[in-house]
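Peer 1: This is the feature table in TrEMBL:
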- B:21-41: transmembrane segment (TRANSMEM)
- B:47-70: transmembrane segment (TRANSMEM)
- B:77-94: transmembrane segment (TRANSMEM)
- B:100-123: transmembrane segment (TRANSMEM)
- B:130-149: transmembrane segment (TRANSMEM)
- B:169-189: transmembrane segment (TRANSMEM)
- B:222-240: transmembrane segment (TRANSMEM)
- B:252-268: transmembrane segment (TRANSMEM)
- B:298-318: transmembrane segment (TRANSMEM)
Amino acid sequence: MMIRKRILSLTVALGLSAVALSACSSGAPGADAPVPTGTVAGAPSWCGPKQITLGLLDGFGGNSWRLITTAAGADEVKKCPSVTKYEYADGQGDTQKSISDIQGMVAKGVNALVVFPDAGEAMLPALRSAYQAGVVTVPYRVNPGGKDGVDYDAWIGADFSQDGTNWANWIEKNLPDGGNILFMSGPKGNSQGEDEYNAMTGILDPAKYKFVGETPFEPTNWDPALSQQVLTAAIAKNPKIDVIVSDFGPSLLGALPEFQKSGRSIPALVTSDGNSLGCFYEQNKAANPDFKMMTVATGNDNVRLAVQYAVAKATGGQLPSTTKFEAPIFEDSVSSTPNPVECKSDLPGDIFLSAEMPAADQAALLKK
Amino acid sequence: MYAMERQVSGLKRPSRRASKGLITVGVALVILLVASGLLAPSSLSQGAVLGMLPFASVLAVVGLGQMLVVQQGGIDLSVPGAVSLAIVIVSRIPNGDNALLVPAILLAFGFAAAAGLLNGFLVGRLGLNAIIATLGTNALLFAAVLGISGGSPTTTTRLLQSVAGGLSFGVPNSVFFAAAVAVVVILLVKKTVAGRRFEAIGANPVAARATGLRVRVHQMAAYVWGQMLYCIAGILLAGITAQPTAFQGNTYLIPAVAVVVLGGTSLLGGRGFPLATVVAAVFLSQLDQFNLAVGVPYAVRTLVQAAALAVGVALYTIDWSRVRARFGSSTRSTKPKPTPSPA
């Protein structure tokens, strides 16, 4: 709820400043003919007066996180009446289809494209050709390579080092005497895990805090079965694990009980949120005295910032002040700031309470 | 190809001696356990073993299913889709409601039977190549996975978590399920008339047809039984992992074939070695745990698994007496003329 308030106040602040700044909207070189600038009454400041068609493209739309993210994108688009037409395409995990989706939308004459480039650099040529055709092109979350203003308008990436910083700060505060940290991330060599690790090691004193297991992280492919096997081995090998860091919390649900099987308490867990994880915490905190939990938002709202940027650029609205999505801290079982751990046990486990979209709406989305 | 005898078998009463596969994989397991004790004692701690056994159980059940198909000279590459579909059905349909778990499990078995019949029809009746047919079925199964789940199977019901993932008498429940499956497979294949026919057909379909056995029916049955076992494995895995992904079965494609081969069942069909297959599943799972405990990098872990499979295949398929003869013959004057190998 705090996040919604924060976003609301941010929007209001931006709206006020927009009145002063509307005359000098910063158009990057290489964009097409200058668009009229200004604001639309009753709409956010990023919504300019020029009427446009917007396309939202997903590389792979087939899981609950993506469903909620897509719906969040569509919801953000609705806030701006200047977007007269909205289209969506799902690449279904197929790079070829994702590329032809972009080309198809450009051919149909959309003015702005927001793209989740799952295939990474393989998507760059398609993004570049859309940008060169004069379409406002905004890839988000996954880095497609290339440069802002050369290959596309702007990449609205997630700042994963911010997650690492948030985690490290929490660890320093709650375990001031140091401890053993087990960091689990996705496939070997993924840049998200590496960014997070580098941010953490930049803050934590190596004399006090020791990363056990493979560095920068234990590869788990974000797979629950593999996570379980890795954690089992780590528990057996390390008599003392004080903190588990994971960048995909819900994948640990089956693995965490391994501690109890070994007669140990689940240790502190710093990770990303998920309703199932919140409920797991509530059910297990009593039996596990060392189990504390802090989460950062899983980042469904990354798409909103990308939509705001694309709409602002194409309609002549006020550009957002940042092109990096920083996931806010969501839950903290120790300080309860900004939120205590949340569990909605009557709703599905795979919704994300950190998202701006209300929990009931997310649940309805997944029931479909 | 059918004219070739696949398995040399005498007319004597079957001996009580352990099979070559069981001895090989049993010795390998003992060596691995000794190595674990010496190099990575933590991999033999109570917690590590209790963590390893559920996955070994799932692998054993999948392996037994694959073994039945391999016995008929086939191979089933629809394992990933079958396991994933079972997981998705038993998680997504109840959606947290324990009361719906049993109907969901029945539905999963229904789908498994349909997939098995399809595989059996394509391979046994139409005579399609097993690799192609089962790969196609795998794609169909994944379509069902995505259709039902939209890509995410959600959290498993509490009941299934406690039944499949819990402990009884200090032993993971999944071990009891796997043991029960193994006993049923052993009894059916080794002690019933139908089971003996099944093995005989696998060993030599042409001779079996000549004696009036219904070869096609048995070949089809192998795929159906296989699917049933993958379904059981998927249900167990859903309970063990608590919040599975929709593609959880993907990691079982290679290991399912590996345990069959390591257990000594010939990829050309014939006798099956269920007990050795189960031991091989424990071996592969402990090998994973050992690698993790020793702390070898991820890349090496993958290599070790591949090497285990290669060694397993080499042990049983290379004609070692011929290799010995070739190297030994270089000193002799009369070199035996090499004949083309069936493998």
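Cβ coordinates come from backbone N, Cα and C, glycine included.
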Peer 1: Could you pull out which residues elsewhere in the chain have a CB under 8 Å from any CB of the transmembrane segment (B:252-268), counting only those six or more residues past its ends?
Peer 2: 6-7, 19-22, 24-25, 28, 58-60, 62-63, 65-67, 70-71, 73, 75, 77, 79-80, 83, 233, 274, 276-281, 283-284, 305, 308-309, 312-313, 316-317, 342-343
Peer 1: So which of B:130-149, B:169-189, B:298-318 is most in touch with the transmembrane segment (B:77-94), counting Cβ pairs under 8 Å?
Peer 2: B:130-149
Peer 1: If you count Cβ pairs under 8 Å, which stretch among B:21-41, B:47-70, B:130-149, B:222-240 touches the transmembrane segment (B:169-189) the most?
Peer 2: B:47-70
Peer 1: Can you tell me which parts of the same chain pack against the transmembrane segment (B:100-123), counting only residues 6+ beyond its ends and a CB-CB cutoff under 8 A?
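Peer 2: For the transmembrane segment (B:100-123), the far contacts come to 74, 76, 78, 81-82, 85-86, 89-90, 93-94, 129-130, 133-134, 136-137, 140-141, 144, 157, 159-160, 219-228, 230-231, 234-235.
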Peer 1: Report, as numbers and ranges, which residues of the same chain sit near the transmembrane segment (B:47-70): CB under 8 Å and 6 or more residues beyond its ends.
Peer 2: 76, 79, 83, 130, 165, 167, 171-172, 174-175, 177-178, 181-182, 185, 189, 222-223, 225-230, 232-233, 236-237, 240, 252, 255-257, 259-260, 263, 265-267, 269, 272-274, 277-278, 280-282, 284-286, 288-289, 293
